[in-house]
Structures are given as structure tokens and as C-alpha cells.
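Residues annotated as signal peptide in TrEMBL: 1-21. Annotated domain 'Copper amine oxidase N2-terminal' per TrEMBL: 68-150, in sequence order. What TrEMBL records for Asp363 is active site, proton acceptor. Here TrEMBL flags Tyr451 as 2',4',5'-topaquinone. Sequence annotations record features per position, and here TrEMBL assigns active site, schiff-base intermediate with substrate to Tyr451.
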Amino acid sequence: MEGKNLFFLMSIILLLIFTFSNLPSPLSHTTDQLFDCTTYSPWCSSKKPFFLRQPENSKNHYADFPNHPLDPLTIGEIQKVKKIVNSIAEFRIKGCVLHSVVLEEPEKEVVLNWRKGHRLPPRKAAVVARALGVVHVLSVDIETGRVTRRETGSYSGYPIMTIEDMITATSAPFASSDFNRSIIQRGVDLADLACLPISTGWYGKIEEKRRVIKVQCYTLKDTINFYMRPIEGLTVLLDLDTQQVIEIIDEGKNIPIPNAANTDYRFSRIKKNTQKINLLKPISIEQPNGPSFTIENNHLVKWANWEFHLKPDPRAGVIISRAMVQDPDTGKMRNVMYKGFTSELFVPYMDPSDAWYFKTYMDAGEYGFGLQAMPLDPLNDCPRNAYYMDGVFVAADGTPYVRSNMICVFERYAGDIGWRHAECPITGLPIREVRPKVTLVVRMAASVANYDYIVDWEFQNDGLIRPKVGLSGILMVKGSPYVNMNQVNQNEYLYGTLLSENIIGVIHDHYVTFHLDMDIDGPSNNSFVKVNLQKEMTSFGESPRRSYLKAVRNVAKTEKDAQIKLKLYDPSEFHVINSNKKSRVGNPVGYKVVPGGTAASLLDHDDPPQKRAAFTNNQIWVTPYNESEQWAAGLFVYQSQGDDTLAVWSDRDRAIENKD
């Protein structure tokens, strides 16, 4: 075993190549579900009222109580927090907004020393509130009612948007006669509009000293897939607090709205129009004795040789904590990872035009990755025998609400081989040993407007942990005057690909950064090791071989030593070790960190979006433990200027050898 307890962040970048198709997925078992967007999603038509309710099929959470120091806040605790905050004079004013109410986790040492049956540490809530334009970060002791303020520094940026922010922003433009006139002039009925709230990023004076947002709209006429029918070039700049329209830019009057034909993605509609699809027969993986995992007290997952704490989070989506694996020799549980979660998602579009340059989303820090998580669909999103976990989140006024079936846990078997060996005939040994590969999966799906991210945390019984990201959903497209490439001037660059008549798929990236706080065999004496593979030449007459590869180990002394840019022709392995613990043959125990599909950001480091997303400048960063350094883009990301990012923290070049 190998391990570490340094904060370890790794960018997994999905470089996307899309095809545009009207064909359905060839499955005979699918569902069409249209959730009421007023309940489930901020991305909906602006004319519907916004409210939050507990879905009818969700569990009753009013009787929940915490059993573990890391258990999320219960409905009862949230109600107490609301009452405590409302008792403070400056938060009783109209317009006070709670942007975030989550558990303030106890100090790591307290959690590591806690044992089942012990009294829980004091339960506290971390509250981000905004009143009269001032942001407050509060620590609320739920039992005593005591409130303390925590210093947040003088960093730029605002807290994560609330669901209410997003909903009301899409309705505000309708109060502008100029906006309504522009829509009608485009030949669109106001009743057919669907609008999206788009974060602005940071580009200068227009974003100074006020929260602003941009709104762009589409038409729902003749299709549910409004993303394929953009009203191109029409952008509304809105004051997010006053809901006043600041500016309307309308530069796409010559661009037609794409046709609605064959854009509906619902299976029932597609099936009517496609007769030549050979559907697969239903597939079901049976577990006649039930699943092999158990979940104790709603959050403690036990499977095979693994044990970990699992909880939903409004910003990260899923948080895995206290992951431990059983030692096969001693039977004892050994610490592997103290905490792991999705720290940030950076999605820059590569079109500098007025209607697109600002589309450089931070899906976790601006919108809330967990807030956008949708209820999972049994048998489609997750297989039979899956366990479903709800999220309990907080509305802007402090009212708790339930996001049902937000996470599922299940065992995956896809016919893969976990391990095998067969002796060849020349040995004379009739041996064939095969182990089927069965893994445990924790899954969440977040629908951030058009895109659906599927995030899996997969555990193998050989001690491996594999975070995986899948991307589904629908492209965000740009309207175009062109219906065929033969109309495009040879010297004209489209900033993407003409995918269908009047539709361009704009080039863009999705950078997903994970925060991994490894903690193996103790929280101290952890180091990061870069193992370089180097070519060595043999001496004359030493061997018939002229060269071989040599592994050279380099222990990182400081943060900058551990800033890694992956290079194909500089092959390396990356180990995180506990130098104080040895294997039975004397090697330091540790884990190997294996990069998956990665890519580097090519944006200029002085480009405003890249300043804010400077954590994508490297694929691997290693920092010393600091509980305030968890979000790679900073605590407050909305309209931030990049002054509180992982790159800024790591520039201090702190010591990391043999550290927590």
C-alpha cells in the first residue's frame, strides 16, 4: 500500500469531439420523464413560478439525526440554524440571502480520533450569507446558538448563486419593453421563450461593485429541445440584485433561428420517426442474495474490504471521506483517503465574439455542482439493487428542501476480468484461474443546463479508487446564417463546426479538477515522489543491449517541485508515500497516482478566464494541509478575479516533504 496526506489536486480534462445525430440510443428499456422545472432545475422557462417542495417519492427526513462527525446537516438542524441567523438584527432585513448552509466539519484530528459510540463533537454550520451587499461567513454552533464570524480576507468575487438567483434572472428581462420588442422582431412568441442565466466571468469595470448576470434565450416552438433553437446574438446584461436590465445587445438579427425538425430527444418521439433501429433486448444483472454492500446510519458505506463515509454536498456534489481499506494480513482497517470530491469544473468556450466571449463557466463555484444534481432514474441511471441517497439542501431564505435520489451506490459487473492466469501447455500444469471484476460505484449526475455530467467514484477490492467523469446531454450551439459549408468563405473561421443547418458547435473544453486529501497510515510523514523514467546507455562491452530504462526517484521538497505538467516524452510515475511506514521488504508504503484522460489549457495566462482558472495550468498540484484551501477556484468564484486560487496558494512554495 502506498499513501499520502497532502492535499492533492488533479485536473482531469475531457477534450471533446462531438457528432450530431438524431438517432436514439438503441435500448428498448428507456423512460421519458419531464420533471417540473420549477421543482427540480433552475434551467427553465421564466414564466413559471419558482418554489421548492419535497418530491412525493422521497424518504421522510424529518426524523433524521447525525451519527457521525461528518454527517450532513439534518432538516431539524437546518431549521435551528435558520432561527439562529434570523435572530441577528442585521440578517432580519429584507433581502438577506443564505447562499450556503452546510456542516462545518470538525478539525481533522477530532474526526480521526472519534470512534463509534463516542459522543459527537459539537455540531456547527458554516453559513455564507449576504445582507445589504455585504458577504458574511458565519460559524453557527447549533447547540448553543452562538454565532462567530470567520475572516474571509479581501478577495474578489461573490458566493455561489442561489437557485432563486438563477430563476428570477430568467424572468427579469420580460419587464423590459426593449427586450420584448427584440424578441417579437425576431418572429418569436414571448410564450415560447426559454431563457438561461449565464455567469459573466470577470472582464473589467462592467462587473465592478455589483453582481451581474447575462441572459440568453431560445424558442420552445415545435420542440422540447430549445437548445437547438437559439435566438443568436441577443444578450441581456442584468443586475442580479435589483433585477434591472443594464444593457441589451442585439447583433444577430440576420441569423435565422434553426429549424425544429428532428431535434426532440425524447425516446417516445424519436421512436415514431425511426423505423430501422434494431433495439437491444433488456439487460438485467441479478443478485439473488442481494447486494454485498451495506450502508449504516444513512452515510457509512461498507463493501468487501472498503469502508467510507458518503454525503451529498450542494457545491461539490459528492464527498467521499474517511476511506479505509482492510489489510489482508492483519485484518485491520488502514486509512487511505481523508476526503475526496470534485473541486471545480472550468468550461471555456473558444469564441471571442460579443455573444460568446464570457462563456467560461465554473460549474461548481458559480452554479453549484450538487445544486444541479438531478434525481437519478432507477434501472436507467443505476441498476437493480442500487441504494439511493437524498440530498438535503437549503433555499435562499434558509428553508430546507430535499433533492431525492441524488446519489446511488451499486455493484458493477460488466463481464470484465479482474485478474486471470492460465499456464501454457509447455509447462504441463493444467491451471486456469480467473476472477471476475466486480466493483462498487458511487454515482451522481448533474444537469448543468445542456450538459449532464455523470460522476462515478469506483472502488476495487485490490485497493484502487478510480474517479470517473462521463459527459452526456446536449451541445450548446451557436446560430449561423449558413446551411452548408459551401457558403462559407475560405478565409472565414467559424470558431467551431457547422453541425446542421444554421447550427455551429463551438469549440470548448471541460476541465474537471479533483481535490484528494490522502491520509494513509497516519496524517504525517507524507511525501510526493516523481519517478522519472530515463534512458540509460550501457558501457562498451557491458551487454548486447545498448540502452535500457532507469527509474529515478525524486522526492518533492516544496510545492513548486510537485507542480506537474504531463509530457508524453518525459514519462513519469507519481507516488504519494508515507516515509515512516515500510512494507515487509523495506519499501515506503504509498499509492501510485495514475492520470487518466488529461489535456493542458492553451489559453494565455493573462487571459481573464485563465487567471480565474489558473488551477488548469498544471495537471497535478500538491499542497500542505489547509482546511481553507479546498476549492481550486477560491471560496467565492462568481465574478472573481483569480486572486484566491490554487495557483495563488501554491505560489508560496511551502514545504511539503514529510508533512500533512
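Every residue gets a Cβ built from N, Cα and C, even glycine.
Where the annotation comes from TrEMBL, it is an automatic prediction and has not been curated.
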Task: Local Cβ density at the residue listed as 'active site, proton acceptor' - other Cβ atoms counted within 10 Å - done: 24
Task: Between Asp363 (active site, proton acceptor) and Tyr451 (2',4',5'-topaquinone), the C-alpha gap once rounded to whole angstrom - done: 11
- [ ] On the DSSP side of things, how many residues of the domain 'Copper amine oxidase N2-terminal' (68-150) fall into helix, strand and coil, could you say?
- [x] 21 helix, 26 strand, 36 coil
TODO: Have a look around Tyr451 (2',4',5'-topaquinone) and count the other CB atoms within 10 A of its CB, chains all included.
DONE: 21
